[in-house]
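A short write-up of the structure that comes next.
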């Protein structure tokens, strides 16, 4: 019985004897690490060995650029916050006949506070579609990125989410395939009284890290709202603003991102605030119905049309760097509604409200013209008949009545 107990005790001490003097550590110890693009992170792998010097090295990444520094008993992997750092490197350590390994999944992400909402304010009592776009993001995965339209701290009930859209951003440097993702909602009636504002909230969920950005969409109130422009006026209604942007990071690594100043107070006619360089929209009345968007913000700036009443594809567009033209196809009367132009890089937008013009109905014009022509012909026939009756051949009639013609 004593021999059996001694054998069991010896077997229980085997793991302790094997691991004695062999400490394998990785810092940070997580198996998944999220790194913001442009930031750096060092992952240290070390091992102690009583039988000499432990051999430790990283494998699975390109080490030709000096991203790995190997020392006796340790190896340091430097992550530079580039998309090429994404992957799963493995640290391997050996001491005598014993070997250990630890894999780390590295995810490089980009989620700047660059939310753009359209329209920039909401008008109660109108059918509206609101869009929210997150720019320069990575990864552009619906499983990682989610959108929400909030009233207060709750999701807006009755808002119909449309299909999200994803496009690749135009980058100055190659090798950084960032994307923009847009979510649109068809809004229900905002009710009376209308809420002061809605919020677009975008959340990126990563391993042990949750990032959130939020942007305000003000709702115009009757006492401070700009009145809709008179449809008979030719003066357009211009809106430029820098809306509130709010960013909060939650999770195991808690970080608070900077937020922008509060939304400027609405004025009875325009809404504007000092901010970055923005595009400007001009209406060319001499060239017929045509809008010109241009930006004087230095070289490398491009502008494009992003919103128009109806379908933007039905308009004629010409884009040339910092200038973009928009006109109706086929040429016709002014279209009433909001037009939006966007500037890249930067994502700044400018909106222009164009009032409709009252044009005569073409069918009514044709009917009036035909009616006038018929009346003229009838008058001519009557005059010809009277002249023929007065001066026809035969017995000379009494022409006293003809003098009244």
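Just so it is clear, glycine is given a Cβ too, placed from its N, Cα and C backbone atoms.
Given the ranges 110-146, 147-183, 184-220, 221-257, the record in Swiss-Prot names 221-257 as region 'Mucin-like'. Range with Swiss-Prot annotation transmembrane segment, chosen from 344-364, 365-385, is 365-385. Annotation for residue 293 (disulfide bond): spatial neighbours 279, 280, 281, 282, 303, 305, 323, 324, 325, 326, 341, 350, criterion Cβ-Cβ under 8 Å with sequence separation of six or more. Cβ neighbour density within 10 Å is lowest for 95 among the disulfide-bonded residues 95, 132, 341.
Between the alpha carbons (Cα) of residue 91 (disulfide bond) and residue 49 (disulfide bond) lies a span of roughly 16 Å. Of all the disulfide-bonded residues listed here (45, 49, 95), 45 has the Cα closest to the Cα of residue 200 (disulfide bond). In the structure as shown, the Cβ atom of residue 49 (disulfide bond) sits within 10 Å of 20 other Cβ atoms.
Here the domain 'Ig-like 2' (110-227) is broken down by DSSP into helix, strand and coil counts: 0 helix, 60 strand, 58 coil.
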